[in-house]
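Annotated domain 'Tripartite ATP-independent periplasmic transporters DctQ component' per TrEMBL: 20-150, in sequence order. The annotation transmembrane segment is assigned in TrEMBL to 44-61, 82-103, 123-143.
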Amino acid sequence: MLLGTENLMRAGAGCSLCGMVLVTAADVAGRAFASPLFGTEELVAFLAALTAGFSLPYAHRMQSHIAVEIFIRRYGRKVRRVIRVLADAVCLALFSVLAWRLFDYAVSMRRSGVLSMNLELPEYLVVALVGLGVVVFALHLVCDVLRAVRGEA
């Protein structure tokens, strides 16, 4: 189920990225004819947030994040496993708090009726969707911690 959600989010991230390209290209082309797209900055910002939030789980599973291997290579297998468990546990704690705060912020924005300045789109939806990406990422971290504790990683 986690993999299916991740694949769906990865597709969403890809669509958001393509959307950013299309909106930006349309805006640039429109500027050439003195009629740029209205609200381009807002749309691109929303799509960028969705791209970042939705790509977190996939990037983590593919190990495409920055790791400090240079220092860890010197240690034995058991020490590396302990370091990995601790690092993943700290990341899990931080991203759990981040997810909680994102959802809390989205609820607050919804209650106060916050809309984007030009297009008047509800901003809480984007914040909540990014929060969803962070939750799926945190679930991947839970799996990683459990695997490392069992000695499978």
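Cβ from N, Cα, C; glycine included.
The model shown is predicted, which means the values in this text are computed figures rather than measured ones.
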Beyond the flanks of the transmembrane segment (44-61) by at least 6 residues, Cβ under 8 Å: 2, 5-6, 9-10, 12-13, 16-17, 19-20, 23-24, 116, 121, 126-127, 129-134, 136-137, 139-141
Here the mean pLDDT of the domain 'Tripartite ATP-independent periplasmic transporters DctQ component' (20-150) is 92
